[in-house]
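**Student:** Input: one structure, supplied below.
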Amino acid sequence: MAAVFPAWIMVTILVLEASLVMGGFQASLKLERRIPLVSHEVELGRLREFDRLRHGRLLQSSGGVVDFPVRGTYDPFLVGLYYTKLQIGSPPKEYYVQIDTGSDVLWIGCNSCNGCPESSGLQIELNLYDPGSSSTSSLVSCSDQRCNAGVQSSDSGCSGQGNQCSYTFQYGDGSGTSGYYVADLLHFSTILEGSMTANSTAPIMFGCSVLQTGDLTKSDRAVDGIFGFGQQSLSVISQLSSQGIAPRVFSHCLRGKNGGGGILVFGEILEPNMVYTPLVPSQPHYNLDLRSISVGGQVLSIDPSVFSTSSSQGTIVDSGTTLAYLADEAYDAFVDAITKTVSQTVRPVLSKGNQCYLITSSVTDIFPQVSLNFAGGASLILNPPDYLVQQNSIGGAAVWCIGFQKIQGQGITILGDLVLKDKIIVYDLANQRIGWTDYDCSMSVNVSANLNSGRTEFVNAGQMSNDGSSPDQLQSIIASLLNMIMLAALLFS
């Protein structure tokens, strides 16, 4: 005889099912678009200017997978940024900070700040950190070993006044920030074995900014501070790793199609087709040893010394850069090779100094594949949308321009989001290497955290929800509840 289920049982089942679909179980690692797309007619010169400012802001001179919620934008015509929300202090307070692979230190504007923006065009609420309002906040003295370590990497200093560890960062765009270091609790979610999460805290040292100048004072893209993802000792990654909370590796996958988005996690995203190349040692940024460039399978005639790393040149991976940049000699050879390959089928034109092309069909059918060849045999394959940007249309023909730009008078090559999108990028600091592979960044990923204990944990990060439970877990819980409900119905019917 079939069991008769009371009405409240059926309603409960429906509510549980609906909560799975409608109740906010959105993957916490998805990158959100915050600014609507307005036009594809933004000049490349404007993008170059934003990137120039960005490049100026490259400083001159393991208990599980740590998961931070990420928001931000990606589009070549919306010069946005990626940022995350941190919770710091006791009681915890929320701060939005830019994710920056070009610096090491996490710093946040403080309540005594001069020049900190009061509002943001990103439609987020800005907050100033107040050391006096947190019961777990403390000052960092000059005698603190963390301050001494920061002195070695030029991330900290001591003026001799008050024995207070301080910092002053000057950026190439004329902006800057200065302040002092504090220690407080960082609140975060740690994804544990089996895709479960735990709310965790850890003491960290970070900058308390009391002065901001230049573009940092502007409100159009203002956030509360900058989250440095560099590899020096004062970076949050290094601090959490030294406490055995997180591995010294982080990964991202920026989605370049269908509105953007992506994944960011402290841990190594695992894919069978990953290729790795070593980081150039003893460099302040993520420098790679670029050996050659191929266009349509043909290696370009470029002197290898153009790509060598020194104090004034080299190849840098920077997810904060919108476009991509080549050293003078490499740029000219690259553009000439592209133009020669397609000149019989498209019309080359110059648009405000940029090499562009009038196209009436698909760029993937016309333009060649490009390969950036690195040490160790690793190649970064670029399809036409990875080095071209669509500018506008003229008389029914689309105008596509070379997205790579030239940095006049400098031998620096910078790989920005134009070439990094639609790929998993792994920054493996522990093994001093960077890896990548093509990937649909709307898909879930497996993440590994190699801990001090030697244990490896695997997490299906693309399916993680805001509270840390995966859809598979929730379905399992519902299945268990249904079994209990059916048993209860049989017993009391």
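Every residue, even glycine, has its Cβ placed from backbone N, Cα and C.
Per TrEMBL, the features are:
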- 1-18: signal peptide (SIGNAL)
- 82-437: domain 'Peptidase A1' (DOMAIN)
- Asp100: active site (ACT_SITE)
- Asp318: active site (ACT_SITE)
**Student:** Please report the number of other Cβ atoms within 10 Å of the Cβ of Asp100 (active site).
**Tutor:** 25
**Student:** To the nearest whole angstrom, state the Cα distance for the pair Asp100 (active site) and Asp318 (active site).
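**Tutor:** Here the two Cα atoms are 8 Å apart.
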**Student:** For Asp318 (active site), list the number of other Cβ atoms lying within 10 Å of its Cβ atom.
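**Tutor:** I count 23 other Cβ atoms within 10 Å of it.
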**Student:** Could you please provide the mean pLDDT value for the domain 'Peptidase A1' (82-437)?
**Tutor:** 90
